[in-house]
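What follows is a short report on a single structure.
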Amino acid sequence: MFKVLERRELAPTEYEILVDAPRIASKAKPGQFVILRIDEYGERIPLTIVDRDKHAGWIRLIFQVIGKSTAQLATVTTGEYLKDVVGPLGKATEIENYGTVLLVGGGVGIAALFPIVKGLKEAGNRVITILGAKNQNLLILQEECAQYSDELILMTDDGSIGKQGLVTDAMEEVFQREKISTVWAIGPSIMMKFCTLTAQKYKVPIYVSLNPIMIDGTGMCGGCRVTVADSIKFACVDGPEFLGEEVNWDEFVNRMQQYRPEELLANKRYEEQVISNG
Amino acid sequence: MAKRSYTKTPMREQAPEIRNQNFEEVALGYTLAEGRLEASRCLQCKNAPCITNCPVMIDIPGFIKAVEENNMPMAYEILSRYTNLPAICGRVCPQEKQCEMVCRLGRSKKFEPVAIGKLERLVADWSLEQPVEYNEVSGEKGRVAVIGSGPSGLTAAGDLAKLGYDVTVYEALHAPGGVLTYGIPEFRLPKRIVKQEIERIIAQGVKIETNVVVGKTLTMDEIMTDFDACYLSVGAGAPKFQGIKGTALNGVYSSSEYLTRVNLMHGYQFPKYDTPVQESKNVVVIGGGNVAMDAARSAKRLGAEKVSIVYRRSLEELPARQEEYHHSVEEGIDYHWLSNPIEYIDDGTGRLAAVKCVQMELGEPDESGRRRPVTIPDSEFIIEADTAIEAIGQGANKVLLDTFPELALNKWGYIDADEETCATSIPGIFAGGDIVTGAATVILAMGAGKIAATEMDQYIQKIKQGEPVK
């Protein structure tokens, strides 16, 4: 059992929890994730480790309510417990001093981007960060990213904060004005795909963090398999970071839809239960 | 005594047309009377060959005699001297290739061998109804870590606890049991039985910590610092894919994923449990081992209309247990013998529509002694399918091994450990089960666990007495 030490609403439908998990906190590196299960009927869902405190022994997780399990997770409050949390899983980001790096985060993907921003800044890079969301309310972790960025560019669909437009517009501007050694992009798959195309246009290597369907998260089922450079990789153990230009995006997007009917059914059933229980 | 029956005392089973719609256990077990009748068939051989052909050398005539005499506590006492998982072995061991294969009764004309497995199961199931006695372990003899809670790890842990060691088992998943929990389905091995049997091992004083991925959550350095010795029994759980065209289509699974969803995550009880398993109409399972049988029979129970197994050799070479093959046929599973898939065909939306296969014929024997399948030219055919499950074997999981490069591996990527002692290239670290042999059987993994426990005990005691250890 893993105690939730703190729970906060960050934005409409986006939540942050601090979970007491000393072993994971002592090992976690930027780019890694955990798999959690809320209760004995629960499914195993992957979430990126956003931050951790080695001494206090907690890890920080951020999630968006997108279906049954995340809706239920949003109801777990301070002082309550999660049944299972396992990690840190996946390969860590290769943090080193690259020079000037560009980091692009979209929506709840900003949560997964933040530890990489922080890690690269601490490794001595000049860090330019672009954050994008639908509107100001959904633009999470601005202050935290600002703290570890030399330059922070905000983009919203409606222009409610920063500039109106897409993160790829901001990428173009940065590429045109200066030399970038490496890019990271984390967000919805369609965003990562277009970030990849933009970086390729300027011949800059770009890493993306893939979030396919996972079950065990330890390499024993292949549910999270993705085709990278024409070979089968398991995102949970070989990734989750891969070079964007090597990812077969159409296939990746298609596989994400695999359980759409079941996901909708589970969510509908949960909402009905919540309503009938008041 | 009544005349010995030529055949085994039959065990009641659920009818095929009923059981292929539920996940309840197929074989229902002996009553005490049936067990005593079957026990009376045993010849009580001196130098019984069944004992030497059992990987954990159970005193088979001994426990069978106790059953015949209606002394169940004695029967269980004898069994538990040799095995920590009798209810599991009685159900899933391939007895026809081990103890029962060499039974002297079975060797004589017209007689079937004694149903040793079914009797073991009877005694074990009886014991699970008895109250559990909890053991206090002082741990004075030393501290041992076991990595992986499958049959090999649990056996080693149970034996070491009996010897007085403080044993901690680390398991990566949220539930212990390894393949017993995520792989073998409920209808062959009820999870209630697995839980109860593991509870017995915990009662010996063994601690089990779930959600610990050694190599990630804890490092091997930490393990080696905190414990006197360590047993690596992490299994061979990484699925292989053939890698043919269309492998990424929705509806194509590894058997590991399919069975993990069904068994560990209770996918067959969706949406009571949150993890879904795809609804299927036509299912193709690729492979001929027990895992293929388990996947096919699970798919049938999940409501598929037609389930076919595609196997590249013929019935004669089928590696699955005979009993499982017969059960699968009774339950309506079809077979395409001497066939091999070459492509998964897209329905135009990224989902599987059909599996394209070719016919094979058997050529010269290969290294394994089995005749090698060879493709027949222009023999392509199509099987309509919305789900395909590849059950073509597993390899070593690299998660732990990648973080522990000092450990010597063999050319197949498994741990290079001595089969006689389970010793690895690093003193104090022992290994056994599928991570050494590649995917094999539950009982062989248990046999390795027993050897490891004895060897680790000797190793630790030598170290403690300051003796030099190789």
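Note: Cβ is positioned from N, Cα and C throughout, glycine not excepted.
What TrEMBL says about this protein:
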- A:I62, A:F63, A:Q64: FAD binding site (BINDING)
- A:C221, A:C224, A:C236: [2Fe-2S] cluster binding site (BINDING)
- A:1-95: domain 'FAD-binding FR-type' (DOMAIN)
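Put simply, A:Q64 (FAD binding site) is 20 Å from A:C236 ([2Fe-2S] cluster binding site) when counted between their Cα atoms. Classification of A:C236 ([2Fe-2S] cluster binding site) by DSSP places it within a helix. According to DSSP, A:I62 (FAD binding site) is assigned to a strand segment. Note: A:C221, taken in sequence order from the binding-site residues A:I62, A:F63, A:Q64, A:C221, A:C224, have a C-beta within a distance under 8 Å of a chain B C-beta.
Taking the binding-site residues A:I62, A:C221, A:C224, A:C236 in turn, the residue surrounded by the fewest other Cβ atoms inside 10 Å of its Cβ turns out to be A:I62. If you take the Cα of A:I62 (FAD binding site) and the Cα of A:C221 ([2Fe-2S] cluster binding site), they are about 26 angstrom apart, rounded to a whole number. In this structure, A:Q64 is the one among the binding-site residues A:F63, A:Q64 with the smallest number of other Cβ atoms inside 10 Å of its Cβ. Of the recorded residues, A:F63 (FAD binding site) and A:C221 ([2Fe-2S] cluster binding site) place their C-alpha atoms 24 Å from one another. The two recorded residues, A:Q64 (FAD binding site) and A:C224 ([2Fe-2S] cluster binding site), have Cα atoms 20 Å apart.
Residues A:I62, A:F63, A:Q64 make up the record's FAD site, and a Cβ search at 8 Å around their centroid adds A:L10, A:E14, A:Y15, A:E16, A:L47, A:L61, A:V65, A:T70, A:V108, A:A111 from the same chain.
Reduced to three states, the DSSP call for A:C221 ([2Fe-2S] cluster binding site) is coil.
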